[in-house]
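K.L.:
The annotation (6S)-5,6,7,8-tetrahydrofolate binding site is assigned in Swiss-Prot to Gly112, Leu113, Leu114, Pro115.
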Amino acid sequence: MLNLKVIYFGTPQFAATVLEDLLHHDVNVIGVVTRVDKPQKRSSQPIPSPVKTLALSKNIPLLQPEKASDPQFIEQLKAFEADVFIVVAYGAILRQVVLNIPKYGCYNLHAGLLPAYRGAAPIQRCIMDGVTQSGNTVIRMDAGMDTGDIAGVSYVPVGPDMTAGELAEALSAQGGEILIKTLQQISDGTISHTPQDSSKASIAPKLSKEEGFVLWNHPAEKVYAQIRGVTPAPGAWTLYSYQDKPAKRLVIRKASLASNKGIYGNPGDVIVSDQQELLIACAEGAICLKEIQPEGKGAMDSKTFLNGHSNHKLKLSFQNN
């Protein structure tokens with residue numbers, strides 16, 4: 001077990017997966033900080049974060065400040081006399097007064113290859129950009145947004161059909177290992193830090209729901225990258241109309257590139273293959289919709305959707321932006 005006393009900051013499942021790995025390897029986590037409970041989706045009841053649930057199950061002291069700058073919270077942190085703070089997808093900015101508390105500083109696990117994709121959505125943005133390699137970067141935090149010196153990097157390939165959710169799982173599964181290595185280097189005095197090359201920096205801001213609206217007037221490869229990048233959240237969607245009725249929202253849960261590249265049609269046109277596949281024409285090529293969710297209904301495969309729309313070849317059309 002490492003002798004370092006660690007306080008862990010994190011909130012979503014990504015952070016819970018990493019924390020569980022640290023605990024499995026006997027990292028001395030003496031306290032956990034997570035965001036306050038918030039209602040999720042249709043539930044009006046506050047729901048604890050995955051990190052909170054894990055911390056409580058392990059009987060680890062837990063803090064949930066409304067603001068990380070709260071003076072009482074800062075005094076509580078100081079009372080732990082921690083050696084290191086580890087921050088993984090906490091979800092709030094930590095000011096310098098907090099970063100100065102631990103003996104050896106604060107280290108952040110960033111789910112991207114810094115200095116590229118600084119910000120809240122490195123996983124989604126890199127897939128939307130069509131990159132083939134991502135990874136985790138550990139930085140010693142400073143007051144900037146993901147601008148700290150690099151202490152470690154690990155790499156994860158991005159498969160051609162990988163969604164943001166799948167990449168997040170791969171990165172979180174690897175995150176504990178690189179953090180344990182970092183903590184060991186801090187403990188034995190071999191840690192080194194490399195300044196980021198800011199000339200190579202890019203920003204990855206949080207995605208809006210509107211960015212899930214599929215733009216069919218791009219080549220199919222770019223459309224597919226967009227769909228994968230916003231899956232599962234904020235989610236890919238389009239609008240469709242049927243028999244001159246008002247347009248409705250259609251959520252795209254699973255899709256693929258159409259295997260037949262010789263597909264022609266205006267962007268947004270519906271094409272039904274001989275195998276009863278639901279294809280949507282793009283500027284070049286087409287997207288095959290595998291699993292969808294029409295507005296007001298549950299998720300279904302494309303064949304079920306087509307069976308409910310007679311004369312679909314003539315009267316079903318997807319709106320294009």
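Cβ from N, Cα, C; glycine included.
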K.L.:
Find, for the listed binding-site residues Leu113, Leu114, the residue with the lowest Cβ contact count at a 10 Å cut-off, counting only other Cβ atoms.
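P.N.:
The binding-site residues Leu113, Leu114 were compared, and Leu113 has the fewest Cβ atoms within 10 Å.
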K.L.:
Quick check on the binding-site residues Gly112, Pro115: which one has the highest count of other Cβ atoms within 10 Å of its Cβ?
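P.N.:
Selected residue: Gly112.
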K.L.:
Same chain, not part of Gly112, Leu113, Leu114, Pro115: whose C-beta falls within 8 angstroms of the C-beta centre of the (6S)-5,6,7,8-tetrahydrofolate site? Give them in sequence order.
P.N.:
His110, Ala116, Tyr117, Arg118, Pro122, Thr137, Asp146, Gln196
